[in-house]
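Down below is the structure, laid out as structure tokens.
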Amino acid sequence: MMERSQILTERQQSELNKAIIQYLQPICSQENNEVLDKLTSMLKIESTELDGSDIVDNYLEKKWSTVLRLQKKIIDLENEIHNLTNIINTTNSETNGVVLSKDKINWIPKGASKQTYQCENVVATVRLHPNLPLVFNGCNDGNLYIWNLTNDDNTIPEKRIKAHTRSINKMCFSYRKPYYLATCSSDLTIKIWDEKFNHIRTLNGHEHTVSSVKFSPSDSNILYSVSRDKNIRVWDISQGVCLKSFVGHSEWCRDLDAVASETQGDFVLTCSNDQSARLSHINSGVGVAMFVGHTHVVESVKFLPKIQANELIDEYITKNIDQFPSIPSELLKDPIYDELGFKYCVSASRDNTIKLWLIPPPTLIPHRSPLPSKYNNSQGWLIAEFKGHSSWVKCLSVHPNGKFIISGSDDKTIKFWDLSGLIETGSVTAIKTISGHEGFINDIDFARLTDSESNTDKELTSEEYLKDVEKRMRCLFISGSADNSIKLWS
């Protein structure tokens, strides 16, 4: 006599027996009917039970496919748990990018490459995800790669997407969740990707290579772009439309940075083959300041944060005011800079130098758009020049502490510059040079601060601000090169 299963209930056992007979019925031929009848008897199934509707068609096959789907779901969930566990470890482990020492705020890579990710083509741009342990890079062949820092195998990307038909020149993430990704290309398009990295929008309008893109710091639905067609464009990515376009330079626009003002809206800093950088007010399209002094193409520009950098440079200028006779002494303490949200910027050029500028504040008139600065003929003041690279300086990044400037060059090196040198020696020199790439350095990225847990509008002191930065800082730094590789530096 057949023993009843100890795992299944009586009803489940009965359903299974019926499903077995149901599955075998169309398989068994006339000659095997005797075997089928004997099996039906052994399983204690009446023939009338199989004629009714108490068991669905193809019951056994459907159960089997359900089990397979559940097994796949379990594997996916186990992988997700593994990734989330690694993310937690990444947040709490020094070896995964977080330094627990008291000097974390001044962390820079020691110079050894922790991981190398190899692509099939020149790496043109790189970005770290704002929140997840993911590295993104765009290549000259139009491919977008996504690498997971927690994976043991660094030879296989998490994902590879044929994003564009020509080179991906730059990419950027929005500043708030959900984190949108924007990529721009020599195929004249900009593409928008959602938080799961699905393509959701293509922006058309530029008439030549799109060089760089940047999300508005104040609105994740607004994107800015610059192009070889000399135009600066403002996009609404939710609608996929261009809201504004204005000519920023007389030649190819190479790069841009954006900052949000408390009362005046956004400002963008752009640079060009015309050897200049320009500050523009987005809402009006008016150019309010120019930065002239480079002797070759200006490849990259960055605003400096209001912490540390401002204090160090202010102190240097104040102590050496005789070197800057055209800077009004009262200007450095003018509260207009607090309202604007910017004061200093840096630019990098093919003349092998980086220049530090004091930005002349635009003229503010109530109920009107900002006008060109009344100071210094709207020209930025050159405060310092960083010399040390032996070839074109292609890319810039600003350390979260605000006082380190990071540069990548065609001389295959990455340099870290300390603004403290202005106070100590009157000049800015490289405190660290790292090398390891075998080709030009095309892009670099220092991990963005994690989202703030505080919702307070309280004005922080410099010390409180630095403590908050240190708490939210991720010690991750990457570079992308013409040698087809991305390096994560430890």
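Backbone N, Cα and C define each Cβ position, glycine as well.
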### Task
Scan 65-96, 193-224 against Swiss-Prot and say which stretch is down as coiled coil.
65-96
### Task
For the repeat 'WD 6' (328-367), would you mind checking the mean pLDDT of the predicted model?
96
### Task
With a Cβ cut-off under 8 Å, give me the same-chain residues at least six positions beyond the ends of the repeat 'WD 6' (328-367) that come close to it.
257, 259-264, 267, 269, 271, 275, 277, 279, 281, 288-289, 291, 293-304, 306, 309-310, 313-314, 317-318, 321, 373-376, 378-387, 389-396, 398, 405, 407, 409, 417, 419, 428
### Query
Taking residues 6+ outside the repeat 'WD 7' (388-427), which of them lie with a CB under 8 Å of any CB in it?
105-106, 108, 296, 299-310, 312-313, 315-316, 319-320, 346-350, 352-354, 356, 433-435, 437-446, 449, 466, 469, 473, 477, 479, 481
#### Entry: Beyond the flanks of the repeat 'WD 5' (293-327) by 6 or more, those residues with Cβ under 8 Å of it
252, 254-257, 259, 269-273, 275-277, 337-338, 341-351, 353, 355-356, 358, 376, 381-384, 392-398, 401-403, 405, 419-420, 422-423, 426, 462, 465-466, 469
